[in-house]
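Enquirer: Checked Swiss-Prot, it gives:
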{"type": "ACT_SITE", "residues": "Cys152", "note": "active site, acyl-thioester intermediate"}
{"type": "DOMAIN", "residues": "48-253", "note": "domain 'BPL/LPL catalytic'"}
{"type": "SITE", "residues": "Lys164", "note": "site 'Lowers pKa of active site Cys'"}
Amino acid sequence: MKNWKEIIHHQTFRYIDHSTQTDIEGKPNTALTSFAVDDTLAISVSEETSPPVIRLWVHSKTIVLGIPDSRLPFIDSGMQFIEQNNYQAVVRNSGGLAVALDEGVLNISLIIPGGKNLSIYDCYEAMVRFIQAMFHDLTNDIKAYEIVGSYCPGDYDLSIGGRKFAGISQRRVKNGISVQIYLDVEGNSNQRAEVIREFYNKGKKNMETSFTYPDVDPKVMGSLSELLGVALTVDDVQKRVVHTLEKLSDEIVEIPFQEEEIVNFKKRYKQMVKRNESN
């Protein structure tokens, strides 16, 4: 496995903060838009028309679904529950299962080249190490292993004391790699987990399925603020991202979407809309 600093260290990093932006190229800044943006940036990084990217994004109440979630036997009941609780639903184009987003959850996309020579595990490990470095002054107890009972469980769940606060997914476009992580920073993590648990209850109704959906236990989830005993905000964590990135690059630049990126974004946005219409 490659050293994580070798994977992330680049002379120049492009920094994009979409956390408070209301629209992107004329499209409302929703989670659907975010996945199209990351695909666009992965293409640019792959074609070397952009340096590697760190992008920050935050969305109001959204349940991001995986493709298996869209195949629940009673998905209409699950979707109705989501809407009744004032969440919108988006089916993502990367791996994983349902995740709850709101203003207390910071999403970070690390978009780098190397799709042909970096393994999936190399990239997951690099993100784990990056997050550990971000909070090294507060804790050395961030671990990566599957937290049974969490939503969107996986080998690279991030937890403190056995309670999960983050999950990682990954998507590859050409030679570009987008490693995405959600960080539960502040707010009611228990309520987020309850919504996901009830979504599965409504969508499955105890029916036997060939796919194993998680049996969500809100007690195994937590926010960073709660787990660290520090009143962290999303803004605080954004500053930590930049501070850590400064140690891994010679310069950080902010570049708006270029002409070709706008073209690619519109194409990828249409694909995301179509994906969500067909699910």
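Every residue gets a Cβ built from N, Cα and C, even glycine.
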Enquirer: Please report how many Å separate the Cα atom of Lys164 (site 'Lowers pKa of active site Cys') from that of Cys152 (active site, acyl-thioester intermediate), as a whole number.
Expert: 10
Enquirer: Under DSSP, is Cys152 (active site, acyl-thioester intermediate) helix, strand or coil?
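Expert: Reduced to three states, the DSSP call for Cys152 (active site, acyl-thioester intermediate) is coil.
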Enquirer: For the domain 'BPL/LPL catalytic' (48-253), what is the mean per-residue pLDDT, to the nearest integer?
Expert: 96
